[in-house]
Amino acid sequence: MATNRTFTMIKPDAVANGHIGAILNDIIAGGFKIVAMKYIQLNEETAGNFYGVHRERPFYGELVRFMTSGPIVAAILEKENAVEDFRTLIGATDPSKAVEGTIRNKYAKSIDANAVHGSDSDENAAIEGNFFFSMFERF
Ligand code: UDP
């Protein structure tokens, strides 16, 4: 995957609260093109693999429980400087610290149920995108 791409998930809280459409609007208005997208539910194995880097952190069990609690939207997004610009668009991990107007500021309730995921590096964007999408599922 080219380095002008990032990977996102609309997390179970935002899906359950009816924010899929509004979040996709914000993403598109932010200049991102959707190059792959699917609506799926993670299980313990897939969520555990995705968040494997956090396995030793105290919130890991709760994170896997939360991420498997309902469907998510997974997507690969394209834009120049995608990883950094998308992290700016979503705001800080803790929504109470997220800048006004960011996706987490508008749609997230807590540091764990924080509405969206955004890759933190080009390398992880490629790993995460490849985890969810085969080469036949992305443009
Ligand atoms: N998380 C949590 N408690 C914390 C920190 C993080 O539940 O104290 C969850 C939260 O859903 C976050 C995810 O773990 O989005 C990954 O954490 P990271 O620090 O990588 O934040 P992000 O890159 O998502 O902003």
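Even glycines carry a Cβ here, placed using N, Cα and C.
Whatever TrEMBL says is automated annotation, not expert-curated.
Just so it is clear, the model here is predicted, and its values are computed rather than measured.
Summarising the annotation, TrEMBL assigns domain 'Nucleoside diphosphate kinase-like' to 3-137. The average per-residue pLDDT of the prediction over the domain 'Nucleoside diphosphate kinase-like' (3-137) is 97, rounded to a whole number.
DSSP gives ASN114 (ATP binding site) a coil state; it is part of no helix or strand. In sequence order, LYS11, ASP13, THR93, ASP94, PRO95, ARG104, ALA108 make up the list of same-chain residues 6 or more apart from ASN114 (ATP binding site) whose Cβ falls under 8 Å from its Cβ. Taken from TrEMBL, the feature ATP binding site applies to LYS11, PHE59, ARG87, THR93, ARG104, ASN114.
Residues or ranges marked as active site, pros-phosphohistidine intermediate in TrEMBL: HIS117. Packing around HIS117 (active site, pros-phosphohistidine intermediate) is summarised by its Cβ count: 20 other Cβ atoms lie within 10 angstroms of its Cβ, all protein chains included.
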Completion exercise
Taking LYS11, PHE59, ARG87, THR93, ARG104, ASN114 as the binding-site residues, the residues having C-beta under 6 A from ligand 1 are PHE59, THR93, ASN114
Exercise for the section: With DSSP as the yardstick, break the domain 'Nucleoside diphosphate kinase-like' (3-137) down into helix, strand and coil residue counts. Expected result: 61 helix, 24 strand, 50 coil
Problem - Cβ packing number for ARG87 (ATP binding site), 10 Å threshold - result: 16
Practice task
Run through the Cβ atoms and count how many others sit within 10 Å of the one on PHE59 (ATP binding site).
Solution key: 12
Practice task
Taking only the Cα atoms, work out how far PHE59 (ATP binding site) lies from HIS117 (active site, pros-phosphohistidine intermediate), in Å, as a whole number.
Solution key: 16
